[in-house]
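Undergrad: Below: one structure in C-alpha cells.
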Amino acid sequence: MQRWLQLWKMDLVQKVSHGVFEGSSEEPAALMNHDYIVLGEVYPERDEESGAEQCEQDCRYRGEAVSDGFLSSLFGREISSYTKEFLLDVQSRVNFTYRTRFVPIARAPDGPSPLSLNLLVRTNPISTIEDYIANPDCFNTDIGWGCMIRTGQSLLGNALQILHLGRDFRVNGNESLERESKFVNWFNDTPEAPFSLHNFVSAGTELSDKRPGEWFGPAATARSIQSLIYGFPECGIDDCIVSVSSGDIYENEVEKVFAENPNSRILFLLGVKLGINAVNESYRESICGILSSTQSVGIAGGRPSSSLYFFGYQGNEFLHFDPHIPQPAVEDSFVESCHTSKFGKLQLSEMDPSMLIGILIKGEKDWQQWKLEVAESAIINVLAKRMDDFDVSCSMDDVESVSSNSMKKDASNNENLGVLEGDYVDIGAIFPHTTNTEDVDEYDCFQDIHCKKQKIVVMGNTHTVNANLTDYEVEGVLVEKETVGIHSPIDEKC
C-alpha cells in the first residue's frame with residue numbers, strides 16, 4: 001500500500017509539473033499580481049506572507065479539507081491568494097443550479113422526452129427511472145437543458161439582491177439569510193414563485209416557442225426575464241429593456257422611462273455575439289470593463305449549450321458559477337442552498353461568443369454616470385434613437401422572424417422587387433442610411449476573414465402565419481451564393 005501511494009504521488013507531481021512548467025508560460029505570468037474584480041468591487045491579491053498565515057483558515061471557511069503536507073504545499077499558493085473579503089463577497093452572490101425532484105412540469109406533445117440517456121448518466125438512474133414511472137409525461141429535473149435558465153436566474157437574482165439589500169450585503173449567518181429570503185424565494189421551483197423555472201419555461205413557450213426540456217439561448221432567456229418582470233411589478237424593477245441581437249441602447253427609450261419617474265430602476269439585458277466560433281480577443285478589455293462596473297449584475301453565457309454565470313475576473317481569467325451541479329429541490333433551506341464559495345475560472349479563448357449581459361440602472365443620475373463609463377466600449381453602444389424604418393429584433397440562439405413598418409406590404413409585392421423565396425437580398429438600396437458596411441471594423445464579427453460585406457436579408461416563405469407581412473431574417477454569416485439586388489423605391493421617385 002505504501003509503495004502504491006508513493007507511485008501515485010510521483011505520478012501526480014509529474015502531471016502537475018508538466019502543466020505548470022511545460023505549458024504556456026505567458027498566461028500564468030499574466031495572472032500574477034492582479035486584483036480580483038467581483039461586480040464592480042476590487043480585491044487586491046493577498047501577498048504570500050499574509051496568505052501563508054491565513055491559508056488554513058480560508059480553506060476551512062470554504063469548507064475544504066486542510067492539509068499541511070504534499071498537496072497543501074503544491075496548491076497552497078492559489079488558495080492563499082484569496083482574501084477573506086473576496087471569498088465572503090463571492091459566497092454572498094446568488095447562485096442557481098440544476099434541481100432534481102421539483103414540482104413536475106408537463107411535457108409538450110411535440111416536445112422532448114423527460115427521460116434521456118444523458119439524464120441517466122448524470123443522475124442516480126434508479127431515482128430517475130422511479131420519477132419517470134411515477135410521472136412519465138413530466139419533467140422532474142432540468143438537468144441537461146436548464147443551465148441557461150439557471151444562469152439567467154442568477155443574473156436576475158443578483159440584480160434584485162443589489163436593488164433590495166445593496167451591493168455591500170454579505171451573508172454572515174441566519175439573520176442575513178432571513179433578510180434576503182423574500183426575494184430569493186421568488187426563484188423557488190414551484191409554479192407559484194414568480195421567477196421559478198416553471199414560469200421561465202411557460203414564458204419561453206409563449207414568447208420563443210421553447211418546449212419544456214429544450215435548451216434556452218440568451219435571447220429566449222432575456223425575453224422570459226422581461227416578461228416575468230412585467231408580470232410581477234412587486235419585484236422592484238420598473239422596466240426591463242432587452243436587445244437580443246446587439247449591445248445597442250437607445251437614449252430616447254430610456255429617457256422616456258425617466259420622464260415618468262427619475263428614480264426608475266431599469267434592467268438592461270443585452271444579447272451579444274462577440275465573434276464567430278470564439279470570443280474575439282479585441283473584446284477582452286470591454287468585457288472586463290462591464291464586469292468592473294458598479295452597475296453590472298453579471299454575464300450569462302459561457303460555452304455552447306453549457307451556460308455559466310460570470311461575476312468577475314482576475315488577470316486573464318473570468319470567474320464564474322457553474323449551474324451544472326444538481327441539488328435536490330428544497331423549501332426549508334432553499335435560500336442557504338443558493339450560496340456557495342466554490343467558483344471556476346475560464347480563459348477568454350474558452351468562452352462561447354454568445355452571451356447575455358445584465359446592467360442595473362438605479363435612477364437617472366446612475367444612467368448619466370454609466371453612459372460616460374461605456375462611451376469607449378466596443379460592445380455597448382448608446383445611440384440617440386432606433387431607426388424607424390428598420391427596427392430589427394433577431395435572436396442568437398434561433399432564427400426568428402422580424403418585422404419592419406416600411407415592409408408591411410402584401411407578400412405578392414415580392415415579385416415587384418424581383419426576388420424569390422430563399423434569395424439573399426442586398427437591402428442597401430432600400431436603407432442607404434443604415435450603417436455603412438465599409439466602416440465595419442475588420443475585427444468585428446468577421447475577424448480576419450475577407451468577405452463580401454453587404455446588408456442582406458433572406459426572403460422567407462410568403463405563405464406563413466401572416467400573409468400581410470413580408471417575412472425576413474437577418475443573416476449574420478457569410479453566404480454561399482451571390483446576393484440579389486433590388487430597385488430602390490427612392491431611386492424610382494427620383
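Backbone N, Cα and C define each Cβ position, glycine as well.
These came from Swiss-Prot, pasted as-is:
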type	residues	note
ACT_SITE	C147	active site, nucleophile
ACT_SITE	D322	active site
ACT_SITE	H324	active site
DISULFID	C338-C394	disulfide bond
MOD_RES	S307	phosphoserine
MOD_RES	S488	phosphoserine
MOTIF	102-105	motif 'APEAR'
MOTIF	424-427	motif 'LIR'
Undergrad: CB neighbours of D322 (active site) within 10 A?
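TA: That number is 21.
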Undergrad: Which whole number is the mean pLDDT over the motif 'LIR' (424-427)?
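TA: The average pLDDT of the model in the motif 'LIR' (424-427) works out to 49.
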Undergrad: Using a 10 Å radius around its CB, how many other CB atoms surround H324 (active site)?
TA: 15
Undergrad: Do any of C147, S307, C338 (recorded positions) have a CA within 10 A of D322 (active site), and if so which?
TA: C147, S307
Undergrad: Looking at the recorded positions C147, C338, which one has the fewest other Cβ atoms within 10 Å of its own Cβ?
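TA: Among the recorded positions C147, C338, the lowest count of other Cβ atoms within 10 Å belongs to C338.
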Undergrad: If I restrict to non-local contacts, at least six residues apart, and a C-beta distance under 8 angstroms, what lies near S307 (phosphoserine) in its own chain?
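TA: Residues satisfying the criterion: C147, M148, R150, T151, A300, G301, P323.
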Undergrad: Using DSSP, what is the helix/strand/coil residue split across the motif 'APEAR' (102-105)?
TA: 0 helix, 4 strand, 0 coil
Undergrad: Just to verify a number: CA distance, C338 (disulfide bond) to H324 (active site), in angstrom, no decimals.
TA: 13
Undergrad: Would you mind pulling the DSSP three-state label for C338 (disulfide bond)?
TA: coil
